[in-house]
Amino acid sequence: MGLTKQYLRYVASAVFGLIGSQKGNIVFVTLRGEKGRYVAVPACEHVFIWDLRKGEKILILQGLKQEVTCLCPSPDGLHLAVGYEDGSIRIFSLLSGEGNVTFNGHKAAVTTLKYDQLGGRLASGSKDTDIIVWDVINESGLYRLKGHKDAITQALFLREKNLLVTSGKDTMVKWWDLDTQHCFKTMVGHRTEVWGLVLVSEEKRLITGASDSELRAWDITYLQEIEDLEEPEPKKIKGSSPGIQATLEAEDGTVEMDEAPVDRILSCRKAGSIIREGRDRVVNLAIDKTGRILACHGTDSVLEVFYILSKEEIQKKMDKKMKKARKKAKLNSCKGEEEDLEINVEMTLKDEIQRVANIKTSAKIKSFDLIHSPQGELKAVFLLQNNLVELYSLNPFLPTPQPVRTSRITIGGHRSDVRTLSFSSDNIAVLSAAADSIKIWNRSTLQCIRTMTCEYALCSFFVPGDRQVVIGTKTGKLQLYDLASGNLLETIDAHDGALWSMSLSPDQRGFVTGGADKSVKFWDFELVKDENSTQKRLSVKHTRTLQLDEDVLCVSYSPNQKLLAVSLLDCTVKIFYVDTLKFFLSLYGHKLPVICMDISYDGALIATGSADRNVKIWGLDFGDCHKSLFAHDDSVMYLQFVPKSHLFFTAGKDRKIKQWDADKFEHVQTLEGHHQEIWCLAISPSGDYIVSSSHDKSLRLWERTREPLILEEEREMQREAEYEESVSKEDQPAVPGETEGDNYFTGKKTIETVKAAERIMEAIELYREETAKMKEHKAICKAAGKEVPLPINPILMAYGNISVSRMSLLEKRDIFHIYFFFSELEESLLVLPFSYVPDILKLFNEFIQLGSDVELLCRCLFFLLRIHFGQITSNQMLVPVIEKLKETTISKVSQVRDVIGFNMAGLDYLKRECEAKSEVMFFADATSHLEEKKRKRKKREKLILTLT
């Protein structure tokens, strides 16, 4: 097939103009041993690491396609767990910036991630109502916990006990025993969604935040402690109503249910409520790592900070209260002191949790994180709704603590959506303008080199020479800026309504504007004398006006400057002669107004994009419609031809950018990446770069590559992608006999697991072929009476060209090992048909005898035995294989255990040696320090003696 027309592929190059996206949460991360300096922020599908001190982006953790919804740093500070919109979780190394581990188990967006104290387990909650506990070290899922009826909002591991507590939008707080993986208690004391929970006071108290202005506090009493205390009341609680569903009435009349009253692990009693100042729902509730500072915020811009007192501080406070009560008792009445003291000295929740201060940020808070420095200072970092990161510091121990804003990251993006983009004539500078500011970006470094304040911008262009820019605003003004100084040169009232569109004339001497006041105005550039200096400066002069019957939405000059196209609110496009302003053509056919249009470089075609989701291609000579294309699933927001070609790009509210061929009426390619509707795009004068802006606050740079794009291949890839998506969405039971809804496996079938299973099957088939070939080869050698050369399989040659003598075992191991992926291991084996299992079991026996990867092989072996137990036990052929496996596995596992034990003992010995050495060093330091002090004292004494 000959290539009739060659297209070049455009690919995503970078994401910029974004400081942090709204869906995820901001967290402090430890880098280079520094705490409280670096923060991780979700940025669409990526994660940006910002240096708060310098305001610079220092690391990008590259995502794939899905938006980031949740972040959680590991306790050792070396890793960051990232949850995505599609339910996948990736764990990145903060040292290398690479995503080493991927977990697929959830069917919907991940809403919460929490590590346990050691960082070995990770609990994830999702909108699919499931909680999954993952083994981070083994890179596998441990178990799935089902019970919530709505999205999970928070999950916390307890430090001392193997318990997990979770909250959800179903108003429930559930306690899970991780030894038995069941829910042993459900707290139903909330009437609305529980948005957050924290454990404080050495995990003896639980604080929950719901959709009202209360923070509810619950006292937790563990069963073991109740049994230890020889008091009558707790024992009464423990023994009450055996066999009956126990319901405890809380203070405010809310009922608490225990699912198993006899086997109860702990009991929860409501201790009271803290009233927040905010009247709306709790959005985030968190404590710092010391567990002493509690903070929460609602849907506004205020963070409320509380201090949790220690036992000693509470005791001091109660002693003070006691003294006051005694004084009062002596002064006021002659009653018995003891009675009075009992009445007055009651410990309330306010005595234990004190309000410290409120931190008011410059915009609505989306998420925050706290860190308590050793000096006693509290740092709070905020991700705000308007694409901004702010850092505040506060000393909670001062009598009147005042929060101080210490840094903010603003330069890297606009506060609101970018509505207009332009390229400079040299393809280097990019202009972006939003509701309050204009920014000039360097395309190659993606750094912001100028920021200028403006009114709400709708359209823009670089003045020829690239030294000034012109902005059209929502109030109908033209604003002229000088780039070198960043100053506003002039503001002109151009239109009475919004100035929707501008088009630079091809002769570059002027431009035309169209506005909501039903007029098109022509302007010329001119040099006027500057009042402040002797030099002349650029200005614009209004020359002509074309009055129309409808609001003007878009204007465009033809390249020869003979015609002007004007799109109107009545869904038509009118073409006028530029010199006489006489009417030439009317293009009608769109059902909704034409929002965008462009004329090709040769003036032959005009393409129009409308809110009716169609793009129409017209001839400019007769005004005939060549083709109507259904372009997007929502309004077409922007359309522009690639310079010197009949190819054009459209951007839609359906989050896609599409390239079209106006001659063949073909859809060439789709650029996907934005997560919200796209407002505008700009193509560089060379056609090599595209910049697009979206409601997700990001600007994206797309680059033209040298790679040719063939339409048939593109369609094939599209179909493959659709198939892969349908495979991952299939909900058929993976285990035979498993009923719908009973899947307690933690993984999920994805296209990767299907591919991995296919690769394992290919490897087994290759092993079968090669073993048959070996037998044949031996027979041939025997018949010939000499060694005949064996043809080597090309696949094996690619993996190291193993010699014939060592082939029998090594080849099998090499084939098999290539195909394993740790995190997808179990799901891949789950998809594997049983016909391949006998061969795998034989191979496992040989591999384990060799002593290679015993731990990994045992994992695979036990998993296969678990899921194919019935078929394996009923198959007589496999009995000897299983017997052999039993012997080799037990011996090899005990060997591995001995090696690990020996190594552990060695490490312990080294640790003791190091400690002993460091103690010696410590004493040596102490004695030298003491001698130094003595020397100084003697010197001082000598000085005093000489003076006297």
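Cβ coordinates come from backbone N, Cα and C, glycine included.
Per TrEMBL, the stretch carrying the note region 'Disordered' among 398-420, 720-742 is 720-742. Most Cβ pairs under 8 A with the repeat 'WD' (411-451) among the ranges 61-102, 103-144, 145-186, 629-670, 671-703 are made by 671-703.
Helix, strand and coil content of the repeat 'WD' (671-703), in residues and according to DSSP, is 0 helix, 19 strand, 14 coil.
Residues 108, 111-112, 114-117, 121, 123-127, 129-133, 192-199, 203, 206, 208, 210, 222, 257-260, 263-266, 268, 285, 744 of the same chain lie 6+ residues outside the repeat 'WD' (145-186) yet bring a C-beta within less than 8 angstroms of a C-beta in it. Mean pLDDT, taken over the repeat 'WD' (103-144), works out to 92 on the 0 to 100 scale.
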